[in-house]
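Pulled from TrEMBL, these are the features on record:
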type	residues	note
ACT_SITE	LYS157	active site, proton acceptor
BINDING	GLY56, TRP58, ASP76, ASP92, ASP117	S-adenosyl-L-methionine binding site
COMPBIAS	362-371	compositional bias 'Basic and acidic residues'
COMPBIAS	508-531	compositional bias 'Acidic residues'
COMPBIAS	611-633	compositional bias 'Acidic residues'
DOMAIN	24-200	domain 'Ribosomal RNA methyltransferase FtsJ'
DOMAIN	234-390	domain 'DUF3381'
DOMAIN	615-825	domain 'Ribosomal RNA methyltransferase SPB1-like C-terminal'
REGION	362-384	region 'Disordered'
REGION	438-463	region 'Disordered'
REGION	484-555	region 'Disordered'
REGION	572-640	region 'Disordered'
Amino acid sequence: MAIQKKHGKGRLDKWYKLAKEKGYRARAAFKLIQLNKKYGFLEKSKVLLDLCAAPGSWCQVAAEVMPVNSLIVGVDLAPIKPIPRVITFQSDITTDKCRATIRQHFKTWKADTVLHDGAPNVGTAWAQDSFNQAELALQSLKLATEFLAEGGTFVTKVFRSKDYNPLLWVLNQLFTKVEATKPPSSRNVSAEIFVVCRGYKAPKHIDPRFLDPRSVFAELAGGTPNNEAKVYNPEVKKRKRDGYEEGDYIQFKEIAASDFIQTSDPIAILGSYNKLSFHQSPNGDIALAALDKLPETTAEIRECCADLKVLGRKEFKLLLKWRLKVRDIFGLSQKKAAAPEVAEEVAGVESMDEELRIQEELQAMKDNENAKRKREKRKENEQKRREIIRMQLNMMAPMDIGMEESGPMGEGAMFSLKTIDKSNGMNRFSRGKMITVPNTETKAAEETLDASAEAAESDSEEDLLETELDAMYEQYRERKLEADTKYRAKKARKEHKDDEWEGLSGGEDADSDASELKEEDDDDSSDDEDEGLPKNGLLTDLDGQAGESQDGLSRKASAFFSQDIFKEITGGSLLGAEEEDQETAPANGTKARTSELPAQKTMQKLSLQDDGVDSEDDQEFEVVRGEEEDDWEEKDKRRSDGRIDIDIVTAEAMTLAHQLATGQKTSHDAIDDGFNKRAFRDKDGLPEWFLDDEGKHDKPQKPITKAAAAAIKEKLRAFNARPIKKVREAKARKKFKTAQKLEKLKKKSDMLAADEGMTEKEKAESIQKLLSKAKKQKPRQPAKLVVARGLNKGVKGRPKGVKGRYRIVDARMKKELRAQKRIQKRKK
Ligand SMILES: C[S@@+](CC[C@H](N)C(=O)[O-])C[C@H]1O[C@@H](n2cnc3c(N)ncnc32)[C@H](O)[C@@H]1O
């Protein structure tokens, strides 16, 4: 049996062996590995400072885990054998020389992580150590504050001692997150723990006392009683086993209530006195008299003041609130300078806190500003991405894409004319009436420069997440598109609708712009010519077409129809839709503009109706059809009387159709119903997945009638009763085969009837035989079992050389079937 060697502290434990196995110089390596596993700071660091690094196992771990080309500097009193990718030197971390050497190595860099695993009594140069563990930790913190980058991590070893809490307090002032932990590889018998401090606040000024061991670990003479515990947690009572304090032998202590109001440490009074007295001495205290008369000094307050030792948390709170109120009344609420000796203690802390608070506020403001910028940027990117997708899906004419297609005039371009166009200044600009043109351009250019500067900012994690989410949603939709026909149809419908709405606004703009241009052209056309400006202002028509193309379509419409998808459609069918519009044109001779978008058509009709033009149209069913999407497709669906054959499939549509037919509603009402609070929601910048999900629920509930619901139900029932195609085909095949058989039979019986050599009786018998033979059904050939192996393995369709009915089975199934047959035979 192997005897387990035990040296001091059971040194040859599993971590020791593991360290040997892995080539680490000390078992301490696993402490860092485990700390990093929990907090993951090494992977994110590019510069690391290891204080008290000998023999160097932490440096080894850092070199393994940190990104290549990271800067790792290790220092110790003891020499460290060279470690690849690590700079080491011998020095005392408490000296200025050490600080200077580190600075030399770091140049302008700042450390992302500072490690400290120092232990004064373990080093080889033990005699040189003059600090205890906590002091050494404070010294290392001092170095960390000098070399750590903002947001950086500081890991230090400390021992649980009376100095632990003050040290932790200091660490808490300088880092956003401070956690103490003991990695599993740290021996239980050891009092060491590791404090991991994340998010270095990097204050501009640090009160030197924060890093001075004499201030931080100063022993307070006599020790202060824990009054906070007495007041904030009065229910938990601790027996006083210390005896009386020196010179304090009185059990019952009383103090004037006015002193409680004036004191800077009310908790101390509440914790150490028995009564707040309102009793006036012969010469009287004015403050106490005033306090006694104040309405705020209620009977309840007096009761509480009478015996402080029986009060609970709630009552103490009441007294403290009362004190604040009275201080307000007495004008004491402004902070007074505290007594000199206390002031020294508190002032340092307060100044630090104040500074940190201001810094935090500034940081918050900065963060807000950044977040705002990022949001705007994201919105812009989203818009562009959508435009590109729409372009790829042929849902947009190339000219609709801002920057890419319209060159220097596009959205986001250096001279963004879109802004001018939007503010309707384009027309005035083109006519030379806009005097402040250069300013606008400069502004546009400035804005663009700003935008590009913002663009230069690297995307944050949030942005990345958003993009990832969008990409994942896109993938999900693609998968769904492949698998789900219904979804495909739904998407197509939705995209078409989207197009309409975008078109409506675009169209409106275009139209209004066009009409304005037209009106103004009438007045100022000569001016334009005089000044030699192009007729369409600065928006050069790249296609060389004016506002309307030769075929009567608007520029935008003709660009839209010039896409490949419309190539095969003859001009006539395209114009059909327009002719329909022109029929409704008012008699005053104003040429009805081509409306490339159905919704716009509806709007136009609506405006014509408002003008008092033919109100009979109101009653016509076609006008209501807001979904007059593709007239070239609809042509096939017309009935013989020329009306469109609409298939009403929903109860809502049926209700509406019924209401329209019976005159309960007019087309006006139907169109009006289409406008609701959700119709014009601002969707800019919202992610697709969110809009899709919203779209499922943001539809107004349209009323349906019982009759309409019943009609649709009936319709669906009839629809479902229809045989499916395959059954229909099989039935037709059967019918055809029966007809063929009958035909054969007829031919044979005719031949028999014409046979002169047979008697009538023989003829009748033969025909009877033929009929009964035809009636007999051929026994169905059992399907041939083909084992799926060899050439037949994985074969699709009929295997080679197999005729008639067949079934592909695996060998096991074939054997089992044979066995079943054998068993049945035996039973017989
Ligand atoms: C536990 S060892 C460090 C082990 C190291 N983290 C590793 O993984 O190999 C503690 C080290 O602190 C060093 N040390 C103690 N006081 C120091 C000081 N004032 N300056 C530099 N190093 C010091 C000791 O020399 C000793 O090597």
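Just so you know, glycine gets a Cβ as well, placed from its N, Cα and C.
Here the structure is a predicted model, which means the values were calculated and not measured.
Counting neighbouring Cβ atoms within 10 Å of each of the binding-site residues (ASP76, ASP117), the lowest count belongs to ASP117. With a cut-off of under 6 Å between the Cβ and any atom of ligand 1, the recorded positions GLY56, ASP92, LYS157 reduce to GLY56, ASP92.
For GLY56 (S-adenosyl-L-methionine binding site), the same-chain residues lying six or more positions away in sequence with a CB closer than 8 A to its CB are ARG25, ALA26, GLY74, ILE80, LYS81, ILE83, VAL86, THR88. Among the recorded positions TRP58, ASP92, LYS157, the residue whose Cβ has the fewest other Cβ atoms within 10 Å is ASP92.
The two recorded residues, TRP58 (S-adenosyl-L-methionine binding site) and LYS157 (active site, proton acceptor), show a Cα separation of 13 Å.
Cα of ASP92 (S-adenosyl-L-methionine binding site) to Cα of LYS157 (active site, proton acceptor): a distance of 17 Å.
Over the domain 'Ribosomal RNA methyltransferase SPB1-like C-terminal' (615-825) the predicted model carries a mean pLDDT of 78. Mapped onto three states, the DSSP output places TRP58 (S-adenosyl-L-methionine binding site) in helix. DSSP labels the residues of the region 'Disordered' (362-384) in these numbers: 23 helix, 0 strand, 0 coil.
Distance between Cα atoms for ASP117 (S-adenosyl-L-methionine binding site) and LYS157 (active site, proton acceptor): 5 Å, as a whole number.
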